[in-house]
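Residues or ranges marked as site 'Discriminates between blocked and unblocked aminoacyl-tRNA' by Swiss-Prot on the basis of sequence analysis: N9. If you look up Swiss-Prot, you'll see Y14, Y64, N66, N112 marked as tRNA binding site. According to Swiss-Prot, the feature active site, proton acceptor maps to H19. Positions annotated as site 'Stabilizes the basic form of H active site to accept a proton' by Swiss-Prot, on the basis of sequence analysis: D91.
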Amino acid sequence: MFLIVGLGNPGKEYEHTRHNVGFDIIDVISEKYNIDLNKKKFKGMYGDGTIANEKVILLKPLTYMNLSGESIKEVTDFYKIPKENVIVIYDDISLEVGRMRIREKGSAGGHNGIKNIIAHFGSDVFPRIKVGVGQPVQRDLVSHVLGKFNKDDREILSKVFEAASDAAENIIEKGTAEAMNKFNGFKA
């Protein structure tokens, strides 16, 4: 069994912001694999289905980004999902828009949502799909990540969201190393 988590913040004011690309990609995966996120439990919205012949849970934590680990840990404890089978999808300001990077493990890199997940797991060994949202230009970091994308970036991101969905399936089917080889050079 796998858990695919998209990080984001709940609430209308955060919809389609840079910080919520994880939620947006979960929506793409949900639609592609016909998995409804219609259950509210574990401090999140979730649904279950099948991807690549594996049982999968999709999760959007509703704890706000910086406490995402609480929701994820509740799901992994309840379903006995090993952290190596938890795929976390989130925004990365160090990558330009149109890029994504897959990692098997690693530090939080300044991302408070990831920092909280590492704290709850007691480990940084879990696969992640980092989606580029670009560096802030003449504005502070908070305004940047809570800001929305312009029209051109949204068009690029629709391709990235599809690729991230394919990458999650590839991780499930063939493993993180294979997905890294296939997708880490991706540019939309």
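Going from the start of the chain as shown, residues are counted 1 onward.
Cβ from N, Cα, C; glycine included.
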- Message: Pairwise over Y14, Y64, N66, N112, annotated as binding tRNA, what's the top Cα to Cα distance to the nearest Å?
- Response: 16
- Express the distance between the Cα positions of Y64 (tRNA binding site) and D91 (site 'Stabilizes the basic form of H active site to accept a proton') as a whole number of Å. 14
- When a 10 Å sphere is centred on the Cβ of Y14 (tRNA binding site), how many other Cβ atoms does it contain? 18
- Task: List the other residues in this chain whose Cβ sits within 8 Å of the Cβ centroid of the tRNA site residues Y14, Y64, N66, N112, in sequence order.
- Result: N9, H19, T63, M65, L67, S68, G113
- Item | For D91 (site 'Stabilizes the basic form of H active site to accept a proton'): intrachain residues, at least 6 apart, with Cβ closer than 8 Å | L7, R18, H19, N20, V21, G22, H111, K130, V131, V133, V145
- Roughly how many angstrom lie between the C-alpha atoms of N66 (tRNA binding site) and N9 (site 'Discriminates between blocked and unblocked aminoacyl-tRNA')? 9
- Using DSSP reduced to three states, classify H19 (active site, proton acceptor) as helix, strand or coil. helix
- Task: Measure from the Cβ of H19 (active site, proton acceptor) and count the other Cβ atoms within 10 Å, all protein chains considered.
- Result: 22
- Query: Which is it, of N9, N66, N112: the one of these recorded positions whose Cβ has the most other Cβ atoms within 10 Å?
  - Reply: N9
